[in-house]
Amino acid sequence: MEGVEAYGFSAAMSGTFLLSCLLFAAINRRLRDPYMDEVFHVPQAQAYCHGRFLQWDPMITTLPGLYLVSVGVVKPAAWLFGWTGSVVCSAGMLRFINLLFSAGNFYLLYLLMSRLHQKNKAISGFQRILSTLTLAVFPTLYFFTFLYYTDSGSVFFTLFAYLMCLYGNHKTSALLGFCGFMFRQTNIVWAVFCAGNVVAEKLNEAWKTELQKKKEEKIYFRKGSFSDLIKILHFLVEYLISPKNLITFTALTWPYIVLVAMFFGFVFTNGGIVVGDRSNHEACLHFPQLFYFLSFTAFFSFPHILTPTKIRKFLVSLRKHPAQYTLITLISLFLIWKFTYVHKYLLADNRHYTFYIWRKVFQRHELVKYLLVPIYIFAGWSFADTLKSKSIFWTLVYVVCLLAVTVPQKLLEFRYFILPFLIYRLNIPFPSLYRQLLELAFYVVVNAVTFYLFLNRTFQWPNSGEIQRFMW
């Protein structure tokens, strides 16, 4: 970072943090008591603040990373500034931890953007800063910056682990992956993703060598033909069953292997991945979650996906490969028919956007979920098309991790899509400046509407006197 770009980055980060602090103050004036899942997280953190580390609320399903970090920040700050009484580990103080994480996320997003696109000399410093600012205010993540939830810290440690992986610091990456796991158990998938990045890089080098031997020019999986896929899968199997190559991969990824082994030890000892209340967090094969994620991604990436060029390319692809798309449609219909699950929280909690999406769209008619398949297919095609700049092996690793982190979830919850979306968005080619500005403006509008509804459109349930608020 040099000269003007450094000043621009400092201004963007400082300005965003200042505006976030003002919004934070407005929210805390209106919302002094814990809200939603905060009623579990805040008392648990306060117990840790008072040294009661053996106390645990059985309704909490995640590990205590958030509370440990909070105490590690708040207690020294209280000693340094002489804070005493109820202000220490109050709901507002604990929420401020996530505001600090959001500043860290801003910096990490910039570093990742610079690292992942360092070979593209056409990208200006202003574009990097603009994309960083856009992702820093990504609506689903940004909203939970202001509540005492695990999302901001989970994203921070996972992005930090990914950055260290890209720089080749794999022991540090695995350690940060462990920290991410302590915030949310499913983050172990992104530690595997980091290991997969290492393997994918080696596989890509070997694949290039293989193609050069055969005097072929195709290095990446560009056309999407079935024969290309068979060739790549055949190469993959042959390469991975070689003892020499397995030893090489083990030597390169052993920190992640140790972390994954610890994870399986935890699962075996704990009797499952969820701690605390498991009754509402049962794993299942909820394949339509992938379709929901693709739709979510298309919605928040529409400046890159809904372009005349993209639509024309999709229509050409449809015309050229009708048999493939017919097969994909039939498989999608079958997965929706056999593997659609509706969590009771989705139907019962009218504070979340997902409640209204499900009621206004999916519950209009039994056939609606099937009629949405063309949208899912277009979203999936666009998703794959924007990742063509990545190697086929990287894409395979990412898709496997995406399936692992979304499909087992029974509840449709947009927070589960934050990390896979950010990693996708970081890795796609830079759009034009116009589309970047459109994306940022869209995110700002969505955030403004969400916070307006949250702060001003309150309501009450018939059997409760508590104030309820709309949220993600």
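Please read every residue number as a count from 1 along the shown chain.
Just so it is clear, glycine is given a Cβ too, placed from its N, Cα and C backbone atoms.
Among the features that TrEMBL reports, transmembrane segment is placed at 6-27, 60-81, 93-113, 125-149, 155-183, 253-275, 287-305, 325-346, 367-384, 390-407, 440-459.
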The transmembrane segment (6-27) vs the transmembrane segment (325-346): 3 or more CB pairs under 8 Å: no
Residues of the parent chain within Cβ reach of the transmembrane segment (287-305), under 8 Å, 6 or more residues beyond its termini: 138-139, 332, 335-336, 339-340, 369, 372, 375-376, 378-380, 382-383, 386, 402-403, 406-407, 409, 412, 414, 417, 420-421, 424-425, 428, 431, 435-436, 438-439, 442-443
The transmembrane segment (155-183) versus listed stretches 93-113, 125-149, 390-407, 440-459: most Cβ pairs under 8 Å: 93-113
Sequence-remote partners of the transmembrane segment (60-81) [C-beta within less than 8 Å, at least six residues beyond its ends]: 40-41, 44-45, 48-49, 88-89, 93-94, 97, 100, 148, 150, 153, 157, 179-185, 274-278, 281
Other parts of the chain folded back onto the transmembrane segment (125-149), taken as Cβ under 8 Å at six or more residues beyond its ends: 1, 4-5, 8-9, 12, 16, 20, 23-24, 27, 34-38, 41-42, 45, 66, 91, 94-95, 97-99, 101-102, 105-106, 109-110, 113-114, 117, 155, 300, 414-415, 417-418, 421-422, 425-426, 430, 433, 436-437, 439-440, 443-444, 446-447, 450-451, 454, 471-472
